[in-house]
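A.B. asks: My questions will all concern the structure given below.
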Amino acid sequence: MKRARLIIITGLSGSGKTTAARALEDEGFFVVDNLPLVLLPEFLKLHAGSAVAGSNVAVVVDVRNKPYLEGYKQTLAEVRSAGHVVDIFFFDAVDDVLLRRYSETRRRHPLSQKEGVAESIRQERALLGGIMDLSTEIIDSSWLTPHQLRARVVHMVCGDDKGNPLAVLVQSFGYRYGIPQGSDLVMDVRFLPNPHFVPDLRPQTGLSQGVRDFVLGQPACREFLDRFNHLLDYLLPSYRKEGKSYLTISIGCTGGRHRSVAIAEHLRYAIQGEDMVVDGLHRDVAKE
């Protein structure tokens, strides 16, 4: 039987699974939506002998599979024992964003009940917690546009045409709003002087030249960047060697508007290379 590369797309309803499935389908994956997990081993056998057989398969699994979720560990073990390469992409978003998306689309939550959408989301998190713990990648779509999410998924799976380079996301965030899920490296830059307490700089962000000059001009910041760049010079090739295709570097300060933004922007361009695709995201820069 032909061995498949299998990507299981799972996660919270409204977190971007449909966008991810469409992106993989456009990249040549054979995509199946809402396949009961218990049928996965048999499906892979049938697919291997079919006229549409290909080596790349993606399956969307979520709470619509509720009756079949309990045996996921046994099913995954069976699939892997057959020689298939399995990655689990878990899509998530903060509750406030999920609630807003449901309000905007007016769609019914799969676990919809009289207690409301918030309670349905809570129950969904509980049901999918075990699968999340086993996931290969956790993708937080809270602050990503559909286009950004699609690009991220494609980079994770395919890299680009230059020998599948390492796709790096450098993102800033505010500890006030929580550490981004799916972060591989997290750096806390709250040890640096805060532009928030400089009246002229407070209304600006780390994207402005004044704030960037203030933050990057600090001796402590220059030393930090020098040490961190040396660490990345060691880590990035090591991640590539181990077969990692996507790396998320998260830089945090108190509110995610000044220090972390300035440093993330600097790093985004400092670590550019022919064997990497580097993108940037400022999760909390627009928040007050």
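Residue 1 is the first one shown; counting continues down the chain.
Heads up, the Cβ atoms here are built off N, Cα and C, so glycines get one too.
Grabbed the feature section from Swiss-Prot, which reads as follows:
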type    : residues                                               : note
BINDING : Gly11, Leu12, Ser13, Gly14, Ser15, Gly16, Lys17, Thr18 : ATP binding site
BINDING : Asp62, Val63, Arg64, Asn65                             : GTP binding site
A.B. asks: Measure from the CA atom of Val63 (GTP binding site) to the CA atom of Ser15 (ATP binding site) and give the result in Å, rounded to a whole number.
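C.D. replies: Each residue's Cα considered, Ser15 (ATP binding site) and Val63 (GTP binding site) end up 13 Å apart.
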A.B. asks: DSSP three-state call for Ser13 (ATP binding site): helix, strand or coil?
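C.D. replies: Ser13 (ATP binding site) sits in coil per DSSP, no helix or strand.
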A.B. asks: If you count CB neighbours within 10 Å, which one among the binding-site residues Gly14, Gly16, Val63, Arg64 has the smallest count?
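C.D. replies: It is Arg64 that, of the binding-site residues Gly14, Gly16, Val63, Arg64, has the fewest other Cβ atoms within 10 Å.
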A.B. asks: Between Gly16 (ATP binding site) and Val63 (GTP binding site), what is the CA-CA distance rounded to a whole number of Å?
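C.D. replies: Val63 (GTP binding site) has its Cα 14 Å from the Cα of Gly16 (ATP binding site).
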A.B. asks: Where Gly14 (ATP binding site) and Val63 (GTP binding site) are concerned, what is their Cα separation in Å, rounded?
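C.D. replies: Answer for this pair: 12 Å between alpha carbons.
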A.B. asks: Specify the secondary structure state of Asp62 (GTP binding site) as given by DSSP, simplified to three classes.
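C.D. replies: For Asp62 (GTP binding site) - judged by DSSP and reduced to three states - the answer is coil.
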A.B. asks: Taking 8 Å from the centroid of the Cβ atoms of Gly11, Leu12, Ser13, Gly14, Ser15, Gly16, Lys17, Thr18 as the cut-off, which other residues in that chain fall inside it around the ATP site?
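C.D. replies: The surrounding set, listed in chain order, is Asp62, Phe91, Asp92, Ala93, Ser141.
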A.B. asks: For the binding-site residues listed here (Gly11, Ser13, Lys17, Thr18), which one has the lowest count of neighbouring CB atoms within 10 Å of its own CB?
C.D. replies: Thr18
A.B. asks: In angstrom units, rounded to an integer, how far apart are the Cα atoms of Asp62 (GTP binding site) and Gly11 (ATP binding site)?
C.D. replies: 6
A.B. asks: Tell me the Cβ neighbour count for Ser15 (ATP binding site), meaning other Cβ atoms within 10 Å of its Cβ, over all protein chains shown.
C.D. replies: 25
